[in-house]
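What Swiss-Prot says about this one:
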DOMAIN    44-117  domain 'BTB'
DOMAIN    153-253  domain 'BACK'
REPEAT    292-337  repeat 'Kelch 1'
REPEAT    338-388  repeat 'Kelch 2'
REPEAT    530-576  repeat 'Kelch 6'
SITE      Cys127  site 'Sensor for electrophilic agents'
SITE      Cys264  site 'Sensor for electrophilic agents'
Amino acid sequence: MICPRKKRPIKDEDFSAIVVPSMRGHGYLDYTVESHPSKALQNMDELRHHEMLCDLVLHVTYKDKIVDFKVHKLVLAASSPYFKAMFTSNFKECHASEVTLRDVCPQVISRLIDFAYTSRITVGETCVLHVLLTAMRYQMEEVAKACCDFLMKNLEPSNVIGISRFAEEIGCTDLHLRTREYINTHFNEVTKEEEFFSLSHCQLLELISQDSLKVLCESEVYKACIDWVRWDAESRAQYFHALLNAVHIYALPPTFLKRQLQSCPILSKANSCKDFLSKIFHEMALRKPLPPTPHRGTQLIYIAGGYKQHSLDTLEAFDPHKNVWLKLGSMMSPCSGLGACVLFGLLYTVGGRNLSLQNNTESGSLSCYNPMTNQWTQLAPLNTPRNRVGVGVIDGSIYAVGGSHASTHHNSVERYDPETNRWTFVAPMSVARLGAGVAACGGCLYVVGGFDGDNRWNTVERYQPDTNTWQHVAPMNTVRSGLGVVCMDNYLYAVGGYDGQTQLKTMERYNITRDVWEPMASMNHCRSAHGVSVYQCKIFVLGGFNQGGFLSSVECYCPASNVWTLVTDMPVGRSGMGVAVTMEPCPGILPEEEEEVDEEM
């Protein structure tokens with residue numbers, strides 16, 4: 001017996017029963033296949049390769065070559081706002097089965113079509129610029145961004161100028177900004193590459209006019225201009241004076257400027273330029289007040305070493321504008337009682353000692369920190385170790401003043417020549433001074449206060465490097481050792497210190513013209529063995545020690561209002577550190593910002 005086959009139900013009424021998911025009928029099915037979009041694209045790509053259901057032929061013309069691509073309008077429109085507008089906005093191409101793309105490389109279009117169907121693109125570095133240009137033309141933002149990211153990661157001194165000009169021409173703002181940042185940060189390296197010499201005088205002028213250039217010394221900017229002119233002296237000499245006007249001439253070291261006037265072949269043929277520089281050099285030589293010179297790049301306050309229970313090897317930098325502390329490359333060995341200064345953009349630390357439970361060694365070392373590389377270099381040591389040494393800079397030389405070695409307190413002074421990497425003794429002071437304040441002003445070195453092992457001083461001596469002689473000037477109103485001294489606007493400021501009985505919070509100011517000291521506003525906290533520096537026409541005082549212990553507080557003095565303000569705290573309280581101001585480290589070596597931590601009391 002053969003049973004008849006049931007007819008397969010195809011309509012609702014063909015079903016003998018209806019299954020309800022829930023008694024109330026409120027249930028629903030929510031199901032997602034994560035792989036569906038990629039599978040759908042994969043199927044579309046297979047249809048394209050088999051030329052099935054394609055509704056458009058792209059005729060791509062480049063020079064004398066025409067290449068055809070059969071595609072689906074829907075896929076192009078979904079991947080490119082350019083094609084979406086073409087096929088949906090009543091343009092003639094909306095109903096066309098053929099469209100011509102002119103003056104675009106077929107290989108590049110092929111890569112972009114592949115991306116539209118596969119969401120993947122692979123491009124050799126020689127083709128990235130072509131793909132970027134075409135992706136921007138057809139508004140394929142993901143591809144353009146991928147190309148920009150690739151170029152940003154592969155910027156080098158040899159290619160950055162070309163990429164920067166290309167990005168500017170095609171309107172790729174993010175890439176252009178990044179290349180300008182790279183050029184500013186690596187200016188000295190970029191100016192050694194061939195692309196640099198292809199700049200027009202207007203482009204070079206625009207570049208060196210930026211205060212955001214990161215250079216250790218303004219001589220790097222001057223040399224770049226000289227090299228650019230020398231590349232084609234016959235046609236470029238006419239632009240030299242305009243370029244010099246963009247160089248911060250007053251920031252050039254006098255010794256460097258003197259050598260240029262004596263031996264630069266470009267200057268010897270440019271009388272107006274030579275006269276211009278000669279006038280400025282004579283102003284420097286006569287110690288005339290010079291106009292303020294803006295700094296290149298952001299400046300930070302650097303704090304090296306110091307003491308808290310033991311000598312420290314830390315190097316930190318403080319950005320007063322952002323109220324941020326940066327931890328940088330550690331010193332070569334722990335050190336406190338050191339001096340610090342900046343010469344040609346480099347941070348130098350001089351002398352000090354390494355004091356701990358296991359060690360107490362005075363140091364004669366000279367170390368140099370380069371903010372462009374975050375690296376330390378060891379240089380020629382002092383002729384004698386100097387703890388609690390004073391340091392100053394005059395005419396491209398570093399002076400190490402006084403200090404102590406074991407039980408000996410020094411009245412001797414040494415001068416360091418960075419060109420020969422040698423220390424030599426100069427005329428000694430009239431008395432030994434440990435913990436004196438030292439500052440350079442008007443081409444002279446002032447040494448203020450200090451301690452000779454028996455006496456604390458209020459006396460002040462001034463050193464004339466031209467005659468290698470010392471002379472006394474008006475003494476302070478207060479005996480001070482462990483004080484901080486800075487020069488600002490032709491005044492010396494003596495801040496804090498120790499008078500033999502207690503730490504001081506008072507400050508007095510020396511009028512160099514009138515040879516008198518006058519009291520000024522006092523700090524909020526008493527302190528000695530603190531750090532002090534001038535930052536953007538204000539005095540910053542950091543750390544130190546008083547009867548309450550090691551200080552972490554930072555205070556700022558405004559001479560216009562004669563007021564001290566508490567600013568922030570250092571990550572760790574300390575005394576006896578070296579403090580100086582120079583350019584911020586390059587972005588590639590900056591660590592992440594660290595949270596401030598409370599000082600242990």
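Cβ coordinates come from backbone N, Cα and C, glycine included.
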Next item on the list: Between Cys264 (site 'Sensor for electrophilic agents') and Cys127 (site 'Sensor for electrophilic agents'), find the distance joining the two CA atoms and give it rounded to the nearest Å.
Entry: 43
Note to self: At 10 angstroms around each C-beta, which of the recorded sites Cys127, Cys264 has the fewest other C-beta atoms nearby?
What the structure shows: Cys127
Check: Per DSSP, how many helix, strand and coil residues does the repeat 'Kelch 1' (292-337) have?
Finding: 0 helix, 20 strand, 26 coil
